[in-house]
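Annotated domain 'FAD-binding FR-type' per TrEMBL: A:1-95, in sequence order. Annotation source TrEMBL lists FAD binding site at A:ILE62, A:TYR63, A:GLN64. If you look up TrEMBL, you'll see A:CYS222, A:CYS225, A:CYS237 marked as [2Fe-2S] cluster binding site.
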Amino acid sequence: MYRILSKKILNETVQLMEIEAPYIARRCEPGQFVILRVDENGERIPLTIADYDRERKTVTIIYQIVGYSTKKLSQKEAGDTIQDIAGPLGKPSELKKHKRVLGIGGGVGAAPLYPQIKKLSEMGVNVDVILGGRTKEYVILEDKFREICQNVYIATDDGSRGHRGLVTDVLTKLIEEGKEYDEVIAIGPLVMMKAVCAITREYHIPTSVSLNPIMIDGTGMCGGCRVTVGGKIKFACVDGPDFDGHLVDFEECMRRQRMYKEEEHVCLIGLEG
Amino acid sequence: MPNMSLKKVPMPEQDSKIRTKNFSEVALGYTEEQAVEEALRCLQCKHKPCVKGCPVNVPIPEFIKEIAAGEFKKAYEIIVRENRLPAICGRVCPQESQCEGNCVRGIKGEPVGIGRLERFAADYYMKNVKNDVKEVEKNGKRVAVVGAGPAGLTCAGELAKMGYEVTIFEALHTPGGVLMYGIPEFRLPKALVEREIENIRKLGVKIETNVLVGRSITIDELFEEGYQAVFIGSGAGLPKFMGIEGENLNGVYAANEFLTRSNLMKAYDFPNSPTPIKVGKNVAVIGGGNVAMDAARTAKRLGAENVYIVYRRSEEEMPARLEEIHHAKEEGIQMKLLTNPVRILGKEGWVTGMECIEMELGEPDASGRRRPVPKAGSEFILPVETVIIAIGQTPNPLIRQTTEGLDTHSWGGIIVKEETMETSKENVYAGGDVVTGAATVILAMGAGKKAAKAIHERLNK
Ligand SMILES: Cc1cc2nc3c(=O)[nH]c(=O)nc-3n(C[C@H](O)[C@H](O)[C@H](O)COP(=O)(O)OP(=O)(O)OC[C@H]3O[C@@H](n4cnc5c(N)ncnc54)[C@H](O)[C@@H]3O)c2cc1C
Ligand SMILES: Cc1cc2nc3c(=O)[nH]c(=O)nc-3n(C[C@H](O)[C@H](O)[C@H](O)COP(=O)(O)OP(=O)(O)OC[C@H]3O[C@@H](n4cnc5c(N)ncnc54)[C@H](O)[C@@H]3O)c2cc1C
Ligand code: SF4
Ligand code: FES
């Protein structure tokens, strides 16, 4: 059992939790994730380690309520416990000491992006980020990014904050204005990462993406998380989740993520609140 | 007077029509009377050929004698001297090629049902005897065990009995290894595995779940934490794929994923259990081992109408247990023998069929088995919506990638000295599937036992 030390509501569908997890807090690095089970008969779901505190032995997760398990998780409060949390899983991100890097976070993707950007800024890299969301309420962690970035650009679908439109509009604008980036790190919905890669490929900017296929064990024993990268099969939970975005077969990823579309729906039935 | 019947006392079983609609155990076990009757078939041979066939040398005639005399508790106590998980071994060991394969009674007629009797003794004990384990005096030495499968559990139990403080580190949320996530409920009830693990905990063994060695902590860090020896029993859990077209279509599973969803995550009980699983009306399972049989029989229970085992050799070469091939056939699993998949076909991203080619047996290969060769022009299409790949597994590379000085074979298995299970790294031992590649429960247990003995000798030098 693992104790929840604090909980914060970031917006209507996104919440943050700080959880006591000594083994994970001791060794985790940006880019890694955990698999958790909310309660005894729960399913295993992957969530990125959004922050960690080695001294307090805690990890922070930020999750969007999209279905059964994240909803169950959201019903827990500070002081409650969750059944299982395993990790750190996946390979740490390969962060290079570039001059300038652009981070792009779509919706809750800003959460997994944060530890990478934080580490880069600690390494002395100049970082800009673009954060996107449906409306201004869906843009998360803006203040935390402002502390470590030179520029924070915002894009919302309805224009309630920053640019009206998509993160990719802002990306194109920045490149056309002559901003030079050694690398782009994009994390968000697959369609967003795919669109970002289409642009950066044209401008020959190396781009790292973080893939989020369906996972079960997260330790490399089932192959459920397999993705095709550069024509080869990779297991995202052990070979990733970060990959060279220009080599990823996004169409296949999107298709495989929809595998349990119908079943996920059934699962919402019978859950209160 | 021995019972000279040529046949084993039959074991009651669930009817094949009913059992394909549930996940309850198929073989129901002997009653006391049946057990005594079967035990009386044993001739109490002086040279005990059966014992030589048992990888952990259970004193077979001795325990059978106690059953024949109605001393069921004593029978159990004799077995556990050598075998910590008898309720499991009695159910899943391939007895036909081990103890029973050597039984004198098998020369004319059927061998003594040693596995069934072992199972009976273990079940009887669990049901009727309150098990209070004596506190063992601790010797102050600590040993870490990686993986809570049969190899790790056995090694830990043996060391605990000798007074060591043992901690098992297990990556998943539940200990048991393949016993929990691989072998299905209808062959090995999970409540029973949990009870056997409870018995090992009672010996003082600590089990830390959710710790993936190589990521959560490394082997070198375990020594820094004060462990004086490490046993690696992490199994062979990395699924192989075929490398054919269409393997990433929706509807294609590795057997490990399919079985983990169903067994460990109880997806068969969806939506009461939140983990989903998808089976079409028609399912092809590729492979001929225990894993393939388990996947096929699980698919049938999940509601598939036609389940095919697609195997490139003939039935004689199938590595699965005889009893399970027999059960599978009874349950209506269709065998497509001497058949090999060529590619998986799909429409809009979902599996619609599998193209196969017929094979014939050619010259024997290096392993002595006749090599299957494709028959030109014999391609045909098997219409299926689900494909389950069960062509084998290799050890997960994580530990070897994060442990310096640990020598492994090119296929990933850890290299050990056979007599002691010592690896190339000082005070690190290994055993079970991580050393041999996918093998059997009892061989994994035997390796765990041997390693415990060697660790004990080493730490007392
Ligand atoms: C390595 C990794 C890191 C992740 N990090 C985060 C994170 O930091 N914050 C966060 O909010 N989410 C993250 N996710 C996604 C998260 O795992 C899913 O949102 C979660 O599993 C949904 O569970 P559920 O039971 O609530 O929803 P379900 O009922 O299972 O599904 C609801 C919806 O979510 C989609 N979905 C299901 N599984 C996934 C998945 N693995 N990835 C994306 N969509 C999925 C389904 O298609 C469906 O539309 C991560 C995923 C991976 C693989
Ligand atoms: C479906 C199926 C059916 C089978 N049927 C039979 C049968 O009928 N009879 C028979 O004798 N054999 C059968 N086998 C084979 C038998 O189960 C295995 O040979 C046996 O379980 C091997 O034991 P092990 O302890 O070496 O490994 P495993 O049982 O694989 O256990 C290894 C454990 O280590 C954990 N682990 C792995 N890596 C790490 C890590 N880095 N850190 C921490 N923990 C880790 C795993 O999660 C797992 O719990 C079957 C196997 C399968 C898959
Ligand atoms: S070989 Fe068969 S008959 Fe002889 S002792 Fe063993 S079990 Fe009994
Ligand atoms: S989630 Fe099972 S192999 Fe990655």
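In case you wondered, yes, glycine gets a Cβ from its N, Cα and C as well.
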For the binding-site residues A:ILE62, A:TYR63, A:GLN64, A:CYS225, A:CYS237, proximity to chain B (Cβ under 8 Å) holds for none
Neighbour count check, CB within 10 A, over binding-site residues A:ILE62, A:CYS225, A:CYS237; minimum at A:ILE62
A:GLN64 (FAD binding site) and A:CYS237 ([2Fe-2S] cluster binding site), Cα-Cα, nearest whole angstrom: 20
From the binding-site residues listed here (A:TYR63, A:GLN64, A:CYS222, A:CYS225, A:CYS237), select those whose CB sits under 6 A from an atom of ligand 1. A:TYR63, A:GLN64
Among the binding-site residues A:ILE62, A:TYR63, A:GLN64, A:CYS222, which have a Cβ atom lying under 6 Å from any atom of ligand 4? A:CYS222
With DSSP as the yardstick, break the domain 'FAD-binding FR-type' (A:1-95) down into helix, strand and coil residue counts. 13 helix, 42 strand, 40 coil
Distance check, please: Cα of A:TYR63 (FAD binding site) against Cα of A:CYS225 ([2Fe-2S] cluster binding site), rounded to an integer number of angstrom. 19
Secondary structure of A:CYS237 ([2Fe-2S] cluster binding site) (DSSP, helix/strand/coil): helix
Within 10 Å of the Cβ of A:CYS222 ([2Fe-2S] cluster binding site), how many other Cβ atoms are there? 27
Can you tell me the mean pLDDT for the domain 'FAD-binding FR-type' (A:1-95)? 93
Can you name every residue in this chain, apart from A:ILE62, A:TYR63, A:GLN64, with its Cβ inside 8 Å of the center of the Cβ atoms of the recorded FAD site? A:LEU10, A:VAL14, A:GLN15, A:LEU16, A:LEU47, A:ILE61, A:ILE65, A:THR70, A:VAL108, A:ALA111
